[in-house]
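Some notes on the structure that comes next.
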Amino acid sequence: MIPVTELRYFADTQPAYRILKPWWDVFTDYISIVMLMIAVFGGTLQVTQDKMICLPCKWVTKDSCNDSFRGWGASSPEPTYPNSTVLPTPDTGPTGIKYDLDRHQYNYVDAVCYENRLHWFAKYFPYLVLLHTLIFLACSNFWFKFPRTSSKLEHFVSILLKCFDSPWTTRALSETVVEESDPKPAFSKMNGSMDKKSSTVSEDVEATVPMLQRTKSRIEQGIVDRSETGVLDKKEGEQAKALFEKVKKFRTHVEEGDIVYRLYMRQTIIKVIKFFLIICYTVYYVHNIKFDVDCTVDIESLTGYRTYRCAHPLATLFKILASFYISLVIFYGLICMYTLWWMLRRSLKKYSFESIREESSYSDIPDVKNDFAFMLHLIDQYDPLYSKRFAVFLSEVSENKLRQLNLNNEWTLDKLRQRLTKNAQDKLELHLFMLSGIPDTVFDLLELEVLKLELIPDVTIPPSIAQLTGLKELWLYHTAAKIEAPALAFLRENLRALHIKFTDIKEIPLWIYSLKTLEELHLTGNLSAENNRYIVIDGLRELKRLKVLRLKSNLSKLPQVVTDVGVHLQKLSINNEGTKLIVLNSLKKMVNLTELELIRCDLERIPHSIFSLHNLQEIDLKDNNLKTIEEIISFQHLHRLTCLKLWYNHIAYIPIQIGNLTNLERLYLNRNKIEKIPTQLFYCRKLRYLDLSHNNLTLLPADIGLLQNLQNLAVTANRIEALPPELFQCRKLRALHLGNNVLQSLPSRVGELTNLTQIELRGNRLECLPVELGECPLLKRSGLVVEEDLFSTLPPEVKERLWRADKEQA
């Protein structure tokens with residue numbers, strides 16, 4: 001038989017699952033153990049003890065055995081003797097009962113009477129108890145074994161225990177009691193002035209962008225509050241980060257269904273039904289457990305008797321055990337009914353962390369549903385502290401704090417200094433790409449002037465940005481940045497340039513329209529939708545000091561607000577990504593414009609409204625599908641125009657009126673289809689930069705020598721066969737790009753270009769280089785772009801001088 005100490009195995013599940021067992025499951029498990037003990041004890045007795053003890057009955061009346069024999073009287077019926085083959089003599093009194101049966105006959109009679117005459121309930125009582133108990137245990141533990149539920153439960157318990165023991169949980173919960181209040185020393189010096197400014201930041205954002213007064217809350221505008229976090233070591237931080245990812249994936253997976261809830265409900269219903277079934281038939285049949293049993297069997301031919309009186313030795317004990325078993329089943333059933341009532345009364349497929357949100361600083365802990373909610377309800381019956389500690393890993397605020405700590409551990413001050421570079425404007429720049437946030441050490445780079453944030457989700461700009469007193473330029477590329485009120489107050493006074501690139505309107509922080517001192521704004525993204533234009537563009541009216549506006553989008557027409565801010569704009573740049581831009585008459589109002597860029601706007605012709613902008617100094621009409629530029633005659637009214645860019649178009653010829661642009665200093669006509677250069681072009685005597693590369697030119701006119709101020713000439717990728725001698729009269733030439741033409745030779749007069757620093761000759765038909773290249777004192781080997789075999793045709797002393805010039809520069 002099974003030892004009693006091993007019975008617990010049938011009721012115990014994995015030790016880790018104990019936290020999923022409410023008090024009622026614990027009670028029913030122990031009741032099941034007692035039931036098992038009853039079954040094992042009864043079964044053991046039944047196997048080891050005599051099941052039935054039978055004796056033949058000599059005095060039988062109507063197949064019933066009389067307890068004693070009395071003499072026959074006149075009034076007494078005459079007894080019969082079916083069990084005896086020899087009738088007793090009436091006048092001989094009995095002095096005792098003697099049976100002529102041996103031991104084997106008695107054993108046979110016991111077995112036959114036990115099998116045929118003992119009631120089935122008394123016979124199988126221990127086995128019924130064992131069967132019902134095993135069914136109860138199976139119902140209680142099936143959800144721990146069924147693959148579709150056990151996997152979820154195992155995963156849940158594993159994550160829950162790790163969250164409970166995580167150092168991050170303890171630190172996060174401790175912040176709800178004690179908040180760190182010591183600000184950084186460098187920032188504390190500015191608190192006196194910054195606090196006053198930040199107190200009105202939220203109101204100013206709403207005031208400057210009227211549409212926000214109705215639709216945007218303080219949080220939606222990206223203005224948030226912040227508290228300092230503790231410190232974890234790197235290993236603990238990485239472990240906590242992994243836990244956050246596991247919790248996210250587990251929540252997504254478990255909230256999809258409610259199979260755990262439904263299976264637990266069905267288990268409970270089955271146990272309740274089983275309870276009623278057991279009570280009904282057990283109470284009904286328990287009285288059939290009797291000590292005395294009359295047994296009438298047709299075995300007279302084997303034993304000589306037909307009727308026997310039998311004793312069931314275990315009847316009294318079985319009756320006691322049955323009564324005890326019934327009481328246990330009643331207690332078990334009441335618990336199951338309470339469980340069912342608990343499940344039906346409460347909404348167990350929803351779990352709210354409302355109380356935890358009120359007690360802690362993590363007000364963003366979400367409510368959960370379905371199986372996730374049900375398992376948390378079960379955990380609360382075991383110990384509510386588990387849910388409280390687990391909730392920390394459901395909070396995005398908590399995750400952001402942890403992410404910030406890990407980020408600070410990874411990005412030390414020395415590592416950030418190694419990432420500092422000088423940009424084209426010679427400003428000290430830091431580019432952070434695809435990080436989880438902004439490392440706090442960034443704000444210790446006091447020399448920083450330009451900060452680029454790209455693909456950084458949910459970044460929050462802290463007050464410590466005020467330490468960067470030299471910061472004047474901020475880039476937000478696909479970065480939906482929030483900002484704290486003190487930080488916004490600082491940027492309002494100090495930020496001068498802002499670059500924003502977005503694909504979704506939500507990536508544009510609305511607080512940018514409160515930057516009163518902003519002078520330069522670059523917006524790159526889709527503004528074709530009407531609501532996008534309204535939200536993004538409309539706020540520009542409040543940027544009164546804006547001088548430079550760059551829009552890279554796909555507008556169909558110039559928004560009215562651009563015209564409104566254009567009164568004080570000095571530079572307007574629109575890159576329309578190939579979408580046709582129409583209705584440009586409003587440009588006339590931008591009287592203060594000095595630079596205008598209309599790139600990829602599919603204009604086809606030069607807009608007439610440009611000619612009214614008398615302060616224009618630079619015009620860029622790149623890639624606009626221009627085929628003719630006859631309107632260029634009107635440019636003569638733009639007396640301040642010094643730079644004209646008509647590159648990347650389909651221009652076939654240059655109008656002779658180009659000569660009227662006498663103040664022109666830079667002219668870009670590259671990437672067109674020009675075949676001839678008019679003489680009038682060389683009347684622009686102030687030209688310093690002329691780019692005619694990638695056209696269809698076959699020669700350069702001799703009048704090019706009139707451009708005495710020319711410093712850079714580019715005619716790369718044409719079909720020029722020879723260079724006019726007059727070209728070398730342009731003594732100020734510093735760069736000469738002649739690559740990919742069909743030049744047969746390079747004139748020796750090239751040595752007269754004493755200011756030449758770069759000459760490109762690659763891709764021509766030259767056989768040798770003139771020795772006079774050595775007479776260009778500023779020319780170096782790196783500035784001579786030519787095939788290596790062609791370079792080898794120069795005399796050794798010339799090559800040596802060119803190489804030496806490179807080394808001296810290095």
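Just so you know, glycine gets a Cβ as well, placed from its N, Cα and C.
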Under the annotation given by Swiss-Prot, are Leu727 and Lys162 positioned on the same side of the membrane?
-> yes
Disulfide-linked residue for Cys295, taking Swiss-Prot as the record, within Cys113, Cys139, Cys163, Cys336 | Cys113
Cys54 - recorded disulfide partner, Swiss-Prot, among Cys310, Cys336, Cys601, Cys643 | Cys310
If you check Swiss-Prot, which of Ser193, Ser217 turns up marked as phosphoserine?
-> Ser217
What residue among Asn66, Asn554 has an entry for N-linked glycosylation site in Swiss-Prot?
-> Asn66
Quickly, which of Ser202, Ser361, Ser573, Ser792 does Swiss-Prot have down as phosphoserine? Just give the residue.
-> Ser202
Counted with DSSP (H/G/I as helix, E/B as strand, rest coil), the repeat 'LRR 12' (662-684) has 5 helix, 3 strand, 15 coil
Any idea what the Cα distance is from Cys54 (disulfide bond) over to Cys295 (disulfide bond), rounded to a whole Å?
-> 8
How many Å lie between the Cα of Cys295 (disulfide bond) and the Cα of Cys310 (disulfide bond)?
-> 7
Take the topological domain 'Cytoplasmic' (342-810) and average the pLDDT across it for me.
-> 90
Disulfide-bonded residues near Cys113 (disulfide bond), in sequence order, restricted to Cys57, Cys65, Cys310 and a 10 Å Cα cut-off | Cys310
Just the number: how many Å between the Cα atoms of Cys310 (disulfide bond) and Cys65 (disulfide bond)?
-> 10
Six or more residues out from either end of the repeat 'LRR 13' (686-707), which same-chain residues have a Cβ under 8 Å from its Cβ atoms?
-> 642, 647, 662-677, 679, 713-730, 737
Which residues does Cys65 (disulfide bond) neighbour through Cβ under 8 Å, counting only same-chain ones at least six apart?
-> Cys57, Trp59, Asp294, Thr307, Tyr308, Arg309
Per DSSP (helix/strand/coil reduction), Cys57 (disulfide bond) sits in coil
